[in-house]
Ligand SMILES: O=c1ccn([C@@H]2O[C@H](COP(=O)(O)O)[C@@H](O)[C@H]2O)c(=O)[nH]1
């Protein structure tokens, strides 16, 4: 039986189900049964297993973050947002780089879905700032944007806020500057979480779970430190212990 503070800590964790098919993702979900974390469905799993996998998670009472990072012309994003809102996801995202009009269109898609079905819940719509795999040198020399990663992240966060979105995806390293610029209620969802000693993989701007919590992050997205662990349930329980 989980204690109250453990339940609260588990509710901050979004498990990234980055798997090639429903069977593999389902095995991980089953191994974590009873832990009230979010399940994050990204493009790999969604392209393979589709809306029915998301519906299955919702039927079992999971909160779902659909991480499709929409980035297209406003009309297309509006349609995409409309479709994912009808799926009943709790959180979904778009790229802030699409601009204010595109982010506003995402919200219009949500409104249109809600107005057609009063049983639907309003999802939290958030914007990706700079991917947590992007380092300072890649930003400046490869992508060709001048300025610091932090400046870019805050700029994107302010655009998202101006468009009416509820938060952003960023590294835990940027939580404090985002909250300072956009307010404490503006949610931060942070991938780039690596328990001490865990492999960096392709991430660049990382923090441990307890450091991220200290920065004030609202939710932390965790994938390979769980999915590549010999015992994913034990790995998640260890992270929850670190957070309480
Ligand atoms: O900037 C971003 C945006 C999204 N992600 C996603 O989070 C998880 C992280 O997985 P790990 O295995 O813990 O690295 C993954 O699904 C990404 O698509 C991100 O990492 N950074």
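Every residue, even glycine, has its Cβ placed from backbone N, Cα and C.
Taken from TrEMBL, the feature active site, for OMPdecase activity applies to 67, 69, 72. For 69, the entry in TrEMBL reads active site, proton donor. Here TrEMBL flags 18, 40, 67-76, 132, 194, 203, 223-224 as substrate binding site.
Here the features listed in TrEMBL are painted onto the structure.
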residue	record	Cβ contacts under 8 Å, 6 or more apart
18	substrate binding site	42, 44, 45, 223, 224, 227
67	active site, for OMPdecase activity	16, 40, 41, 42, 43, 92, 93, 221
68	substrate binding site	42, 43, 46, 80, 84, 92, 93
69	active site, for OMPdecase activity	43, 93, 94, 95, 128
71	substrate binding site	77, 94, 95, 97, 98, 102
72	active site, for OMPdecase activity	80, 98, 102
74	substrate binding site	98, 101, 102, 104, 105
132	substrate binding site	170, 171, 190, 191, 192, 203, 204, 205, 206
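The recorded positions near ligand 1, defined by a Cβ under 6 Å from one of its atoms, are 132, chosen from 69, 71, 72, 74, 132. In three-state terms derived from DSSP, residue 67 (active site, for OMPdecase activity) belongs to an extended strand segment.
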